[in-house]
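Visitor: Dumping the structure here so I can ask a few things about it.
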Amino acid sequence: MNTAPSRPSPTRRDPYSFGDSRDTRRDRSPIRGSPRREPRDGRNGRDARDSRDIRDPRDLRDRRDSRDIRDHRDSRSVREARDLRDFRDFRDLRDSRDFRDHRDPVYDRYRDIRDSRDPLYRREGSYDRYLRVDDYCRRKDDSYFDRYRDSFDGRGPPGPESQSRAKERLKREERRREELYRRYFEEIQRRFDAERPVDCSVIVVNKQTKDYAESVGRKVRDLGMVVDLIFLNTEVSLSQALEDVSRGGSPFAIVITQQHQIHRSCTVNIMFGTPQEHRNMPQADAMVLVARNYERYKNDCREKEREEIARQAAKMANDAILQERDRGGPEEGGRGGHPPAIQSLINLLADNRYLTAEETDKIINYLRERKERLLRSSADSLPGPISRQPLGAASGSSLKSQPSSQPLQSGQVLPSATPTPAAPPTSQQELQAKILSLFNSGAVAANSSSASPSVATGSSQNQNFSTAANSQPQQRPQASGNQPPNIVGQAGSARNMGPRPGAPSQGLFGQPSSRLAPASTMASQRPVSSTGINFDNPSVQKALDTLIQSGPALSHLVSQTAAQVGRPQAPMGSYQRHY
């Protein structure tokens, strides 16, 4: 057939398009198809042509060719509508179910960041940390600037010099923190040692076994323990004394009786952990038991105590560092000291930028905490010592001078715990004889109590009673109705005057007198003021009658025996004795 086509068919395309050489502007990105992999038969454009093939502007073919399926309106057109069915290259070896964005940094490692195909795409590189100051200020004015992206704390440009200064500041703070920690640890350790209760309390039931109890205390002391010697009286039971010792914090208590002295034994009570009581143990076995449990006590309790001391010291050191940072040193500048997150919020607030309610609350809470730290810095660095009553003094006062009608209380402080003028033990029988003789001879000076209203003042009772007895020799059979307030005033003044040489005190001379017990009981329970006393109470009336009968005689007797007492001695109840 000689029928010639109206238009010759196109010839085979060159591997490098119609140019003389390969286009040098083509890159080797895996996103765009490589020219080496393009099929040479371009007649099947739907299947064999690269979907990402971009027409070269130097292609000089006739754009009116109907068989050229690429759009001639834009030489940069990526694909036509039929190619939108699958936007990936069939030669792409990735899984067809993988729909990750090809702009992911993993797939963008070979792309030039200056490529204009995606100018809005921004890579998150590490070089953003090394911005210049002018770049930072320019970006801060940008409305799309991410304020949480850069940790710029305001101490200088975030460059190598700023990092070196920050490292030096951190090293300096660490050295200062270590120094403060050691100092606070030693101070808190000394405070804990001063407030630590005794390790073992030796309770002596009878005073006849004092020597044996002291020998046991010395052996316990040789184990490295602090020992306290406690003498019981007949008015307090042993269980109450042990409860008081346990409440005071002592881990061990040893009870000594006459039977223990005879058999050279003792009763060991272990207070910490599970309470234990080992009765009538031989002295050697008791020392072994106490030593073994004391080591366990030190390992358990002292380790916890050391952890508590370390925690308090670390907290105080951190608070001191924060206070110093808030004050700011000359090398840190005026804006230094704020945390980076808070500093960025403060900068935004200073620039009148928008802050959310949560960010505003952060700034308010930070400023409130800083104000509290400044207020605390004005006070002492160390908290006040914990008020703890000495075990020996509290137990002694409660065990010796407390009447039988009152229960034993560890926190009770009685007036007899303070040193009061007391007669020597050798003159107790003589004083008792004088008191009985005065009682039997009648109320010789009973009227002196009503005629001396100056007793309630600051003068001493010795001079008042002697003056009243010499100026008014007349006798009155019984006290009138207006005398109880005066007598109560005398008792109140005696409590107010305190331990003066010659003033009678409650629990006088440490004697368990049957006539003085109600008076001492009411005096220890009644407040200083006499306005709140119920005089209709029978016990109050009985105590007042006892004071009326015995008050002047006792005061006169004290004035006579005051010269015999060389120096004020501690009462029998003050038994605290540390080895």
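Keep in mind that glycine also has a Cβ here, set from the backbone N, Cα and C atoms.
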Visitor: For which of S378, S550, S574 does Swiss-Prot record the feature phosphoserine?
Guide: S378
Visitor: Where does Swiss-Prot put phosphoserine, among S381, S398, S416, S460?
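Guide: Of S381, S398, S416, S460, Swiss-Prot lists S381 as: phosphoserine.
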Visitor: Quick one: which of 225-229, 345-349 does Swiss-Prot have down as motif 'LXXLL motif'?
Guide: 345-349
Visitor: Whole-number answer please: how many Å between the C-alpha atoms of S378 (phosphoserine) and T274 (phosphothreonine)?
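Guide: Cα of S378 (phosphoserine) to Cα of T274 (phosphothreonine) measures 45 Å after rounding.
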Visitor: Using DSSP reduced to three states, classify T274 (phosphothreonine) as helix, strand or coil.
Guide: coil
